[in-house]
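Everything below concerns the one structure shown next.
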Amino acid sequence: MISYQTSVDPDKYKSIGNGFSVTVREDGVRGLAKGWAPTFIGYSMQGLCKFGFYEVFKIFYSDLLGEENTYMWRTSLYLAASASAEFFADMALAPMEAVKVRIQTQPGYANTLRQCVPKMYAEEGLWAFYKGVVPLWMRQIPYTMMKFACFERTVEMLYKYVVPKPRSECSKSEQLVVTFVAGYIAGVFCAIVSHPADSVVSVLNKEKGSTAVQVLKKLGPKGVWKGLVARIIMIGTLTALQWFIYDSVKVYFRLPRPPPPEMPESLKKKLGLTE
């Protein structure tokens, strides 16, 4: 919540520490949890769609490319699969994101999900919940592309250069630690890439009748980066936990957990890397 406040009302919330103190002073400790319900519901729905569709699109694009091209163009495959998955995931997130931002950035408008949804619908109709979907795509698609591609390549590099033994010899606990570290590194890059669009979405849902271009001009080059430190901390931790939970679920249900990609034997022969 604090990162939203510092980006949409920088005159009132001048820093992360100031944002905490002002929020607690005005709304009490409960104020820090405002909008938790739409946040939980929205991001749960988005997460299910994002991770599920990513696996589907990764397999789909891999089948189109073939084994050798999949390896050579694996970063592009991660980017394409994650962008495709996020396009659909944001349609699930948009309504709850609009409700969350309205609760958090318009004091007195509504305090709960049950109060906010009917009020928004009565005032603006169904469009109230989807008017932010385009800037949401602007924010979330680059974010998710960075999240998945950076994670996949970071895991690959960690096993290659940092972990002292092959992945096949690592215990499940050790593999999950690698997952968490790679997830956090990916989260830092995600926060930086997506923050300007995140600032625009926050203001857009707060101000009726504004467009993304108008908000961008209003915020200016410095305004779009307000609250970045808070977002890095939040997104880094959140991304690491998401990957950790996702991988833990795979371990628990004994679902396939593919190892880092290796060059196919057919490609090694073509490149003269085999005897």
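Here the Cβ of each residue, glycine as well, is placed from N, Cα and C on the backbone.
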Residues flagged as transmembrane segment in TrEMBL, choosing from 133-151, 228-246: 228-246
So how many of the residues in the repeat 'Solcar' (73-157) end up helix, strand or coil by DSSP? 74 helix, 0 strand, 11 coil
Could you please provide the mean pLDDT value for the repeat 'Solcar' (1-60)? 67
